[in-house]
Every structure is written in C-alpha cells, then in structure tokens.
Amino acid sequence: MAGEFRWQAGRPATAQVGGWVLAHCQQRFLQDDNGLLFPREWLKRQELPLLAEHGVGHWQGEPVYVLELDEPIELPGMAWAPLRQFMLHGDFDQFCMLGYASQIGIWARHNRFCGNCGTRMQAQDHERVMQCPQCGLHQYPRLSPSMIVLVTRGDEVLLARSPRFVPGVYSTLAGFVEAGESVEQCVVREVREEVGVEVANLEYIGSQNWPFPHSLMLGFHAEYVSGEIVPQEDEIEDAQWFSLDALPPLPAQRSIARHLIDLYLARRSGAAEPVLPG
C-alpha cells in the first residue's frame, strides 16, 4: 500500500451509523461526478435491490461498507463502472479498496444460503465468515490460487495469447492450482498443457491479488528445457518465442504478468529492478 495508508481493509460493524458506502453489482461500481464513495445513510435511503451489506475497511480513517445489489439499477446522475478500468488507470489505493469490496460482495452474494441444508446464512461479528444457524456450516471468502509464469530461453521469452485478450496483446502463461498439487507442480503442468514444453529451475517472484473474481496470482520465472510449442486448443490462440528487443504489445503495467516480463528485461540488461505494485 501507499505510505500514507489511505486504505486499510477491516470489518467495521454494520450496526454503527455513518461512514462511506460502495454500491457493487457484477464486478461494477456505482459512481457519480464526485466519485465512488457515497454517504452511507443517504444511499441506503434510496430504493436499492439490496442483497447484503458488509463493512470492508477504512478510507482515510473513515469506515467503508459495500452494498451488494441484486441488479445494477439506474439512478439519476450516476453510472456503473467496471472494476477492471480501475486496475488499468487511476489511483492504486482506490483499486485495492474496490478489489477487496468486490470480492466481499461476490462472497456475500454466493453464500446467502447454506449449500448443505438450504438455510439462510448469517454473517458473524467475530470474523469474516458466513455461518449456517441450522447445521453450522462455515463459508469464508473464497480465494483461488493461480500460478503465472514467464518461461525464458536466454534472450527469448515465451508469450501467448488467449482468444479473450485485447487484440494483439501477448502475455505470460497462467492457470489455477488444482486439488492435491503444489504451486510448483501446477507451473510445470500448466506450461506443458498450454504450450507443450517442459520447464525447470523455477523461481518464485511474488504475488498479486487479482479480484477477477477472487484469484491470488503467484508469479514465477521458469527456464525452458525441451519441446516444441503446441498451443492448447480452445485455450491458446497463439504462442511464440519473442526476442527481448522485439516484443509484442504487452499486458498493463500494473499487472503481475507485466512485472514478470519487465523484471526479466531489467535483469538481462542490468537495469534497476521494477517493484511489483501492491
């Protein structure tokens, strides 16, 4: 976080009065000309399709809550903005706040009823958990660990693109950790599945919260060992070796994918190493 700690995650009690509130639905936030934070009591007086309310932390010392709405209704003078645009542009502290609020909102939406007996779940005061009053099932906010890796071969990097990417952009390889495997095993497996090559000498670089919708990206560098590139059908549109002096359009600066690439470039050139945002 930034040095002034403008945003701090937490659990301010919903029973207390006042504070700021964010309105969230489908990974979008309500905003007007003054921004995304609204006076809490005022916004709650509007006719909103409210599913849940949770305290999410403090912004500049003031409590912040998120209202999870059933649908993104229209309100005069307001519009809905996607979370991803705040990742790419603007204040990074604000993005951290929105990312956390989005994850809590989605968790609240998906756990309104017990998956075991169907009883309505209840939020608990002592920790961030939804509990079933009937059978006692606990549901904590979901976190999905994913690996992301830059595969290198000297002055070349292996980059790929998914059909879902912005046209022309190539990125590092990524995939979810499966049950029963370590993150390192996931790296080797995903690289083999997505592009058909073998890697070794894995180096853990760092992690980044990725609230789309609830991933934790664990970044690695890996060295190429053997194999020819064979893109995975339906997952990888194209994959190539790129020279460091002839790279294609790359992911956004704030992403861990871009950090892995920039870090390798810095190490090969002897330049100062970049710092991973967050």
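Count begins at 1; order follows the chain as displayed.
Glycine is no exception: its Cβ is also placed from the backbone N, Cα and C atoms.
Database features (Swiss-Prot):
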BINDING   Arg84, Glu127, Tyr140, Gln208, Asn209, Trp210, Pro211, Phe212, Pro213, His214, Ser215, Ala257  substrate binding site
BINDING   Cys114, Cys117, Cys132, Cys135  Zn(2+) binding site
DOMAIN    141-265  domain 'Nudix hydrolase'
BINDING   Ala174, Glu194, Glu235  divalent metal cation 1 binding site
MOTIF     175-196  motif 'Nudix box'
BINDING   Glu190  divalent metal cation 2 binding site
BINDING   Glu190, Glu194, Glu235  divalent metal cation 3 binding site
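Here the features listed in Swiss-Prot are painted onto the structure.
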residue	record	DSSP class
Cys117	Zn(2+) binding site	coil
Cys132	Zn(2+) binding site	coil
Tyr140	substrate binding site	coil
Ala174	divalent metal cation 1 binding site	strand
Glu190	divalent metal cation 2 binding site	helix
Pro213	substrate binding site	coil
Glu235	divalent metal cation 1 binding site	coil
- When the Cα-Cα distance from Ser215 (substrate binding site) is computed for each of the binding-site residues Cys114, Cys132, Ala174, Glu190, Glu235, which gives the smallest value? Ala174
- Task: Determine, to the nearest whole angstrom, how far the Cα atom of Cys132 (Zn(2+) binding site) is from the Cα atom of Glu235 (divalent metal cation 1 binding site).
- Result: 38
- Apart from its near flanks, which chain residues at least 6 from the ends of the motif 'Nudix box' (175-196) lie with a Cβ under 8 angstroms of it? 144-147, 149, 151, 158, 160, 202, 215, 218, 220, 222, 227-232, 235-236, 239
- Item | Listed in sequence order, residues with CB under 8 A of Tyr140 (substrate binding site) and six or more positions away | Arg128, Val129, Met130
- Task: Express the predicted model's confidence over the domain 'Nudix hydrolase' (141-265) as a mean pLDDT, rounded to an integer.
- Result: 97
- Message: Counting other Cβ atoms within 10 Å of each residue's Cβ, which of the binding-site residues Cys114, Cys117, Cys132 comes out lowest?
- Response: Cys117
- Query: For Zn(2+), what surrounds Cys114, Cys117, Cys132, Cys135 with a Cβ no more than 8 Å from their Cβ centroid?
  - Reply: Gly115, Asn116, Gly118, Thr119, Met121, Pro133, Gln134, Gly136, Leu137
- Task: Measure the Cβ-based neighbour count of Cys135 (Zn(2+) binding site), defined as the other Cβ atoms within 10 Å of its Cβ.
- Result: 11
- Relative to the Cβ position of Ser215 (substrate binding site), how many further Cβ atoms are located within 10 Å? 19
